[in-house]
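Okay, so here's the structure we're looking at.
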């Protein structure tokens with residue numbers, strides 16, 4: 001029991017330090033690298049970890065993190081949208097939203113004695129995993145090398161045959177590893193193809209949405225106040241502020257990253273209730 005209490009005290013102390021350092025960095029230091037590190041710890045470690053431990057207590061560590069991330073982002077959208085409609089979503093509203101969510105996390109820790117799970121030995125490093133990671137990096141390199149700002153109908157017009165060969169080989173080694181983390185990486189590689197290849201962007205809608213997000217970040221409001229897309233706008237601006245990452249990049253990778261993190265894990269553990277063969281699922 002003393003060991004558990006000690007671990008909880010350490011987690012609480014780290015969480016408080018992260019919250020305070022993030023505020024210090026936002027107001028004074030304004031370090032992009034430090035902001036990124038702290039925001040990752042806050043969102044994926046504390047928010048996803050605590051919400052997952054509370055609302056998916058009997059599930060596996062990865063399922064807890066995925067569900068906790070979904071719930072945490074949903075709460076960010078809810079609180080940020082309320083500020084937008086009732087007041088403005090300026091820098092003060094972003095900081096208050098951040099503090100409210102941090103306060104809720106701290107309340108859950110103290111009230112319900114919640115301790116997030118931390119999985120050990122996520123990777124069993126064997127040659128299949130190493131080969132997959134090498135192929136993954138090569139595939140990303142090929143995509144970035146073949147970026148284009150031309151008006152093409154499909155990303156496949158710019159992507160060489162070599163990418164498909166590497167993708168096929170990576171899929172084979174992925175099947176041998178049966179690792180959910182690598183499966184998420186593979187989903188990310190699949191979802192990010194169009195984002196990387198289309199250097200400027202694809203279609204007309206993204207430019208409209210980013211223009212609205214830039215104005216929301218600059219002014220704190222959009223007039224007339226829309227009743228649609230505002231959850232996306234406030235979330236992108238919020239994440240850009242705390243991660244110190246440009247709005248343009250957040251807007252582009254938000255859906256691919258979230259889909260890659262949540263779909264494989266939630267899909268696997270949901271189907272696992274109906275299919276007993278785990279190897280078949282992977």
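Note that Cβ sites are derived from N, Cα and C of the backbone, with glycine treated the same way.
Heads up, TrEMBL stuff is auto-annotated, nobody curated it.
Annotation comment: TrEMBL describes 9-27, 33-56, 68-86, 92-109, 129-146, 158-175, 180-200, 227-246, 253-271 as transmembrane segment.
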Leading contact stretch, 33-56, 158-175, 253-271 vs the transmembrane segment (68-86) - CB distance under 8 Å: 33-56
Segment-segment contact (the transmembrane segment (227-246); the transmembrane segment (158-175)) at 3 or more Cβ pairs under 8 Å: no
Chain residues outside the transmembrane segment (129-146) and at least six past its termini with a C-beta under 8 angstroms from it: 123, 158-160, 162-163, 166-167, 169-170, 173-174, 177, 179, 182, 185-186, 189, 192-193, 196-197
The transmembrane segment (253-271) versus listed stretches 9-27, 33-56, 92-109, 158-175, 180-200: most Cβ pairs under 8 Å: 180-200
Seg_contact(the transmembrane segment (9-27), the transmembrane segment (180-200)) with at least 3 CB pairs under 8 angstroms, min sep 6: no
Beyond the flanks of the transmembrane segment (92-109) by at least 6 residues, Cβ under 8 Å: 8, 11-12, 15-16, 19, 22-23, 26, 42, 46-47, 50-51, 54, 72, 75-76, 79-80, 83-84, 220, 237-238, 241-242
